[in-house]
């Protein structure tokens, strides 16, 4: 600690803090323009000049560290005149269009001019007038207003680490520009990912959101805090609302999640909520599914028909003839009500959702080894790790804000190991790139364990005190020598050895993975192998380590938590446990609940095709595009006697329904999402749903009442009270407690602070359980007829199958599907860039444009699954992981 005096006030501060930081901490104001608390201080603007006793000249407070005995004066006549002169210089170079500027009311230059009484600039300096750049769908750049503070440059280079923009020119001609190889280019040509974080930190009107142009002044907006509706990171947002419309979005400063940073979808992809294609009234099909049509109906008629048909099917065929799909895009409260309808009113455990296709192997694998099938650590932890092992996750495109934490850790000195067949962006930041063949992850992971055990790098004390089954694992991995694993995976033996040593030595090592690990015939075994690796090295139960599945959708974790699975009630309480069933049935006021696990999503589709499943209720899911072997899915849905779809758009699945119920988007309702890090967070209603659309919880509550269930909920908060009373991990959650930063479950009581790190003292199951798992080849392998390996995944500008395609800007950036093919393979086959080619598998074929690249290895092709025009899942296989029943979405052609 150091002692110093600021403006006569004696203060004590930690060594290394800057004068500006210490002053602000003690309530002393020093003006700044270039400074931003989340960016490296550079002292560009000079507004923060202060007088330091004994110094030869004034010093910039933003980047001058405090020292013992310093005596600082932040405001003297000389300093004040210098600040006025700086502001006058900036105004002399600045357009005087404050009356019409989008930044008016939120402009820091305007604030400084007001504070110091500088009305306009009169210095004889001029700047060449520059064109206003509007070449992309998201950001308007007016560099005439640029004050060369460098904030946007630092956000791009230090936070996003894209290095697209930089300072160009000198003196009064200095400004910011996008550059590539020394030449000025458009943002897109420069490699911009349009996160818009530069817009968020810009202190003036040089960078603005195109969507907000002319839509309102700062003081006219109602600002509503919410949570992003895209991926599972749970980024906090501020919605800017005027005249019942969301005009723009800014990142909300929650330091435990996104710290204000966003990606292109979170910041600019919100406009789908106002798309004219929204369903605004209930629809009822007239005629059959082949030649029939939809007509609009009242809510009374639509819900009465749904109630009648579901009751009729139960009466005629039994409860097991019904199936329900929960939604990873709807709130916890809504998922809770749907599974309650299925189990408590209609008597079936045939309840599942899209987690079956993505992370059901995570739930099965981590529940077996650790006792809890969720991310062990916090997103914020990632930045403090010493080693980060990313496997099966294209993090920069699928979870861009988590990728910022990875980049932050690397900048701090962490070693990044990336295991991926494709040259994903994180490879550019990696210490090691393990380019394994698709489907060989288990061999690779067992190979890492072989090295760790052989070289005795494992944590003997942790294993002895907190785990069981290690000796069996030790014997099992003996055969996975680096040489043998290299032969199977294609990864050099030396890289396998170095990766094992780096991970084991940490000191803090974290694992991040996604669907590249889970969507395999050995998906559950892959997850267990990751758990084995972490337990062997004692890398569980502390900050900066753990095993961290990155969940794909905004509330996929919550849908699982709420019992959107066929074998568990909310809180992962087994349906087979009589005590659990009694607790729920007593609270719900219904007879005993069904005690046998229900059908999974894929089993429901098979049962529908066989004529055993007669009716389905699908909430906010689109299996016609997202499920594997979609031809099979379409046939299954056609075979149903009755199909209800509740959604905000007429999706490919909704088009096959008998009744379509229009729900509400995230901005149009209250409720909670649970993010990938187990953080339960509040949604706040910002606008009304369009037309007669209703919040989904209200639709489900009305249907429950119509079907004879007597409980009428007054609000989602009341539903959460019921959830908390039945679910131990949510027991201490109330809406009031979630208002600040949310809470990470388990939250065991109203006094419990939440759990950022799982398994600190012991595992949820008691002892961690090592599992012996062995590599086996993929469900299909290349042959002469189908020689290519085919994999699927996401694109940065899209999310799943519908909502991002209803966002004008996102669709403009990526309007059509492409298939990535290696440049050597393309040359051999005579395929040119942009040429339409046909991709054929044993199950179907699609026509799509070729993207020729060295990003993907020879013998492999990659395609996004977002597009109905070329549905990737026409090609995929419905083979299942034997444990989690997850389908294999990594087939061959």
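The count begins at 1 with the first shown residue.
A Cβ is built for glycine as well, from the same backbone N, Cα and C atoms used for every other residue.
The record from Swiss-Prot ties 192, 195, 198 to [4Fe-4S] cluster 2, and of the options 149, 156, 235 it ties 156 to that site too. Within 152, 263, the residue that Swiss-Prot lists together with 228, 231, 235 for binding [4Fe-4S] cluster 3 is 263. In Swiss-Prot, the [4Fe-4S] cluster 1 site is described by 146, 149, 152, and among 48, 62, 202 the residue recorded at this site is 202. Counting residues of the domain '4Fe-4S ferredoxin-type 2' (183-212) by DSSP class, helix then strand then coil, yields 8 helix, 5 strand, 17 coil. Contacts between the domain '4Fe-4S His(Cys)3-ligated-type' (78-117) and the domain '4Fe-4S Mo/W bis-MGD-type' (221-277): absent, as fewer than 3 C-beta pairs lie under 8 angstroms at sequence separation of six or more. Ranked by Cα separation from residue 195 ([4Fe-4S] cluster 2 binding site), the binding-site residues 48, 146, 152, 202, 263 are led by 263. Between the alpha carbons (Cα) of residue 228 ([4Fe-4S] cluster 3 binding site) and residue 152 ([4Fe-4S] cluster 1 binding site) lies a span of roughly 23 Å. Contacts of residue 198 ([4Fe-4S] cluster 2 binding site) defined by a Cβ separation under 8 A and a same-chain sequence distance of 6+ are given as 139, 151, 152, 155, 156, 165, 207, in order along the sequence. Taking the mean position of the Cβ atoms of 146, 149, 152, 202 as the [4Fe-4S] cluster 1 site, the remaining residues of that chain whose Cβ falls within 8 Å of it are 147, 148, 150, 151, 153, 176, 198, 201, 203, 204, 206, 207. Taken residue by residue with DSSP, residue 152 ([4Fe-4S] cluster 1 binding site) is part of a helix.
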